[in-house]
Amino acid sequence: MKRELGVGLRALWRRPLAGLLVWSVPEVLPTAVSGYVVAQAIDSGFLAGDLWRGLAWLGALFAASLLGGLGSRGVFRYLGALVEPFRDTLARHIVAGALTNATAGRREDGAVARLTRQLEIVRDTYAGLILLTRGFAVTVVGVAAGLLSLSPLVAAVIVPPFLLGLGLFAATIGIAAGRYRTAVAADERLASEAGTVLGGARDIVATGTEDHAAGMVADRATAQAKAELALARLAVLRTGCFVVGAWLPLALLLFAGPWLVAGGASAGTIMGGLTYILFGLQPALNQFITGTGDSGLRFIVTLRRILDAGGEFPTATTLPESEEPRPDRPVADTSRLRARDLSFRYGPRSERVVDGLDLDIQPGEHLAIVGQSGIGKSTLACLLCGLLPPDTGEVTIGGQPVAGLPPRELAELRVLIPQQAYVFSGTVADNLTYLNPYAPGDLIDEALDVVGAAKLVSELGGPTAEVSPAQLTDGQRQLIALARAYLSPAPLVFLDEATCHLDPAAEERAELAFAARGGSLVVIAHRISSALRAKRIMVMDGPRSSIGTHTELLSRSPLYRDLVGYWNG
Ligand SMILES: Nc1ncnc2c1ncn2[C@@H]1O[C@H](COP(=O)(O)OP(=O)(O)OP(=O)(O)O)[C@@H](O)[C@H]1O
């Protein structure tokens, strides 16, 4: 929350702010003098039997209101000059982030349109917040000055409970921002899961997994309902803050009436105090609480989305108003994988399959993982892909922790092809573009060609032909899955013995295609030829796993020597 407030406050630090504050003075004048004028009208006018004097005081209040109207007009003139440059800076940030992602090969998938909608929300809520907080601050200062000039005794009754209510509200803002964020995230997860289930409706019905699919959506719906309830409970708390800050001063003033009169306060003074509460503090606090609780939270949460979607946000020092942004930020290393202290076992009493593993895969690297059958290669691949949660440790891809990422976002980071390739009933094109529905025809042709699936697809009748998975061989299924992974937008590819049903020449062709695709490649190798194509090789042996080149491992890993001997034999 601090970062978002910091960005908003820094953007305020411009010349128009001075104009805005200067025009706030006449704007607050009617509120500041209202109680004092009412007290004078009653005490020295109507109660003293001098009708004209009373009316003259009320006329003064009317004149102050006219001045207030002029002040409001001036405030709005400067508001635009403050808000629009902030909007422009955010827009540059969004475009720079989109360009960085595009040059790094990540799919945009409507992100710019989504961020642009969020930009308008931030602009509107930012303007609302400026008006709100400024109006609240000048009203409180004006009322405090008016109360002190009216009667310090009355001020002593009204101000403390008002400040208490305000303080209580301030204490809930952090919690409210957290709950609002949770509610927005739960909402999006529900929409994403429902979208996934709807998109796979045909397969769900075909495989009879309706109950499972309904369960997937039900969990998200329950989580979303919970988050909304937590948010609603907070609204009740906010009402409590308003009661303390706005109604308690009124009750105290009425109860303290006899004591105030004994202390020298007149009927007009008490009426003036009531005027300050009813026409100054109450509406100001009400607007402030509802406004910051609504626009304020939307501003913080939406701005966070925009800031998280791009790189470093340009501050006043890094991006002067007149300067164009320079697109010289380094391209994000979206295919860099980093695992730290990774441990995993399938059950509380089973052996650890992975134990305290640290692993770095550099952008563009080609790594092979080898090891005896059952040592944990597939398990490790699932951990690195975020398909299994580790017992300890963390995996990041492109700097982003994979834990807890929704499937759609994970699919944009990495693609895993398991040994048993999945082909579903539908057209060849449906199967190929499953991970990239908007893949253009020439990219599909390229994918089929480089992984060696073009001949198969032509024999099947072309991309529009229907596929019957049961009639395909294991090798044919693997070719279709390979072309699908090649078309995926993910910069990191895992092939878990994904070519084991192809002959060595076809396997070489497919692996070379992935190595040349851009991004990083991890191959769980089942042949020495496959391991030798990688720049580095990881030999898995539980806690004794080691990494190096083929030559390094031959000299230092007995297990690797055994494996090579076995493969060559
Ligand atoms: N779902 C599971 N539940 C419990 N144990 C499992 C599960 N999946 C794998 N294992 C066990 O975890 C260990 C590692 O299995 P894994 O499949 O990761 O090994 P692998 O090296 O990929 O084997 P292979 O080369 O034969 O494919 C094995 O002992 C296996 O029996």
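Backbone N, Cα and C define each Cβ position, glycine as well.
Copied over from TrEMBL, here are the features:
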- 18-283: domain 'ABC transmembrane type-1' (DOMAIN)
- 20-39: transmembrane segment (TRANSMEM)
- 51-70: transmembrane segment (TRANSMEM)
- 126-147: transmembrane segment (TRANSMEM)
- 153-177: transmembrane segment (TRANSMEM)
- 230-253: transmembrane segment (TRANSMEM)
- 337-566: domain 'ABC transporter' (DOMAIN)
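Note on the domain 'ABC transporter' (337-566): mean pLDDT across this stretch is 91. With a cut-off of 8 Å on Cβ pairs spaced 6 or more residues apart, the transmembrane segment (126-147) and the transmembrane segment (20-39) reach 3 or more such pairs and are scored as touching. Below 8 angstroms of C-beta separation, residues 57-58, 60-61, 64-65, 67-68, 70-75, 77-79, 82, 130, 134-135, 138-139, 141-143, 145-147, 149-150, 266, 268-269, 271-276, 279-280, 284 of the same chain, each at least six residues beyond the ends of the transmembrane segment (20-39), sit close to that stretch. Residues 26-31, 33-34, 37-38, 40-42, 44-45 of the same chain lie 6 or more positions beyond the ends of the transmembrane segment (51-70) yet place their CB under 8 Å from a CB of it.
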